[in-house]
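> Pulled these from TrEMBL:
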TRANSMEM  B:42-65  transmembrane segment
TRANSMEM  B:107-127  transmembrane segment
TRANSMEM  B:134-153  transmembrane segment
TRANSMEM  B:159-177  transmembrane segment
TRANSMEM  B:210-229  transmembrane segment
TRANSMEM  B:241-265  transmembrane segment
DOMAIN    B:242-432  domain 'ABC transmembrane type-1'
TRANSMEM  B:277-297  transmembrane segment
TRANSMEM  B:317-337  transmembrane segment
TRANSMEM  B:370-395  transmembrane segment
TRANSMEM  B:415-439  transmembrane segment
Amino acid sequence: MTGPEQAAAGGAKPARVIEIAGLNKWFGDFHALKDIDLTVRKGERIVICGPSGSGKSTLIRCVNHLERHEEGDIIVNGVTLRGDKGSVNAVRGEVGMVFQQFNLFPHLTVLENCALAPMFARKMPRREAEALAMTRLERVRIPEQARKYPLQLSGGQQQRVAIARALCLRPSIMLFDEPTSALDPEMIKEVLDVMVELAEEGMTMLCVTHEMGFARQVADRVVFMDQGEIVEQAAPEIFFSNPRYDRTRAFLSQIL
Amino acid sequence: MAETHAETALIFQPKPARPAPAAASGPVAWMRRNLFSDVPNALMTLLGGYILFVVVGAVLDWAVFGAVWSAESRRECLDAVGRAGACWPGVAEWLPNMIYGLYPKELVWRVNLGFLTLLLWIAPLFMPRVVSKVNIGVSAVLLFPFLASYWFHGGEMGLLWRVFVAAGIWGFVWVWATALSEQFAGRPIGQTLLAALGAEDAADADQRRILRIAAALLYVAALALTLAWRLEEVGTRLWGGLFLTLVISGIGITFSLPAGILLALGRRSDMPVISMLSTAFIELFRSVPLITILFMFNTMMPLFMPEGTDVNQLLRAIVAVCFFAAAYMAEVIRGGLQAIPRGQYEAASSLGLGYWRSTQLIVMPQALRIMIPAIVGNFIGLFKDTTLVSIIGLFDLMSMARAVGEDTKWLGLFIEPFFVVAMIYFVFCFAMSSYSIGLEKKLAQGRDRG
Ligand SMILES: Nc1ncnc2c1ncn2[C@@H]1O[C@H](COP(=O)(O)OP(=O)(O)OP(=O)(O)O)[C@@H](O)[C@H]1O
Ligand SMILES: [Mg+2]
């Protein structure tokens, strides 16, 4: 964002890195996202929650174009997603994604999983890519597992590898789609700890999760979705203590 | 919470692990456990043993103990043992033909040398410290055939053929240079070469230029070599026997895998024209028996060709076999592709890998690995199906075996040559199948839990 716009947005506020306006998305006849508007500023941590099927995954998957949207604008770091190769690649280079099911590549070692994208999407020499991968594995505290294959690791370790893999592209934005939902309770914490650290380092994060403790601790804003719409969004202390809509209250009473 | 517990918490002491109880070992224990564990099991063991004894005994009686090992004609065999024993001299006399067809006897060494080249080409795959195994394997598939084509056929080389034969020579030298460098120096051939030239510390760009020049020089040398290389022509009409079977099925097998991959990808493509064309090709060739395809290509291809171009009969058969095999392989590979979860594609896309990159690095390695048994099964089927080329007049192993019994000296001698053919097919197919099992085990190591 340039000077005047920033000033208009309120002076010292950081730049907007994701701008979603009037987003609509259909699966066949099913209207999955309805008139979504959402702005994320640099360094902001957004937690998205809502009942199953409300469109949370669809929304964040639109941000890196894993889903194609039919209507509306998505602008990431100044690049408007239009579905053409150029804009999609530009956006994917800026946005890392972590999936519920990890989606590690089972035929490659942990190190290869991480070094793959730098080598082949960024044309980095192998040695450099592996060195980079090691630094990211250290960051998620599993450098000693580098030579193992993903299926030899526990779920929590696999998810941390997935985070390291996404970090290897040096993204400025991270998307998390229920990163802890497939994990046993004992492993949830080790993944959340890594995410909290990332948040503290100033990473811009969009995170679909039902871990309300995490939301309270790190989120700048909680977004509540239902039936393809954003019902309300607020800072966590307001969201949890004083939600405006009945729907939100009902949802919170179920999960808290 | 704390008030519900006792003052001091009990300390949990994990028990030390102890080794699993030793199972009784030794052959007797093993037999008792596996063969005679209870009455039905013991009965089945005895029954199975009896059947094995009778069958193997009968075969051995016929093929070894009651067989005639030297005779001048089938008559002599019949006089000696009747039909109770095999008559091997006829097979022995025809064995060279069963292996090489009508290939001139004094030139048969070229065929042997051609296959020896193949063995040498893939030998580095079995060297433990060689890391460029994929490249070596690919080069064997892509470059060896050119070299082999000249060993087998010989004759006048046109410009185009010369260019390819030189590529074959280049590949062979590269494979062994790579293998030796990696096996004994533990580094890629490029580094060894740079070290030998004292250019280890040159800038990256310079190093790359040096390597490129070295590769080009090697190619020029190979080209010069082809100028000096002159072999007598042996037309494909003279090719036959096991040699011909190996040529047809070898080409069919190596063609079917890449072509099948492309067809399978094409069928799943988002682009309607490509997907329609691939589907049409696959369904067309899958719904027609191979024998019909062979006939069609044999009789109809010349009709479509411009006047005067003579497409060699062997080539027609090979093209037919290749198309047929590719169509089948495509469906096998598509099965493998369908087994790859969508998350794998999504993860690859989210990392910025494009379609071809994710296909090459993520999807295909997994799909092929899942489908190894089916792919090798296809190879084996193809290898055996090539016997059908005998009906369009090519003298493959099968037709050579039939020719033995049509020789006036050995008139009616059919069972023995077919027995030998069966053994040959068995050896090849069993080798392929064992290799695939070995490969599966090796790939499974460490990649799965448990
Ligand atoms: N590929 C698809 N084709 C058709 N419908 C889909 C597809 N993906 C999602 N949907 C539908 O869109 C709606 C929103 O799905 P989405 O996965 O975004 O929900 P969610 O909020 O992430 O739910 P959950 O908490 O269960 O993950 C659901 O009703 C789902 O059935
Ligand atoms: Mg979801």
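Each Cβ is built from the backbone N, Cα and C atoms, and glycine gets one as well.
Remember, TrEMBL labels are computer predictions, not curated facts.
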> Residues sitting near the transmembrane segment (B:317-337): Cβ under 8 Å, six or more positions beyond its termini, same chain?
247-249, 251-253, 255-257, 259-261, 263-265, 267-268, 278, 281-286, 290, 293-294, 296-298, 301, 363, 366-368, 370-371, 374-375, 378, 381-382, 385-386, 389, 392, 394
> Mark yes when the transmembrane segment (B:134-153) and the transmembrane segment (B:107-127) have three or more Cβ pairs under 8 Å (sequence separation 6 or more) and no when they do not.
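Touching, yes - the transmembrane segment (B:107-127) and the transmembrane segment (B:134-153) meet the threshold of 3 or more Cβ pairs under 8 Å.
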> Counting only residues 6 or more past its boundaries, what in the same chain has a CB within less than 8 Å of a CB in the transmembrane segment (B:42-65)?
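Result: 35-36, 84-86, 419.
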> Where, among B:134-153, B:210-229, B:370-395, do we find the most CB pairs under 8 A to the transmembrane segment (B:241-265)?
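The stretch with the most contacts is B:370-395.
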> For the transmembrane segment (B:210-229), give me same-chain residues lying six or more residues beyond its boundaries with a C-beta closer than 8 angstroms to one of its C-beta atoms, as numbers and ranges.
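Counting only partners 6 or more residues beyond its ends, the transmembrane segment (B:210-229) has Cβ contacts under 8 Å with 150, 157, 162-163, 165-167, 169-170, 173-174, 190, 193-194, 197, 199, 202.
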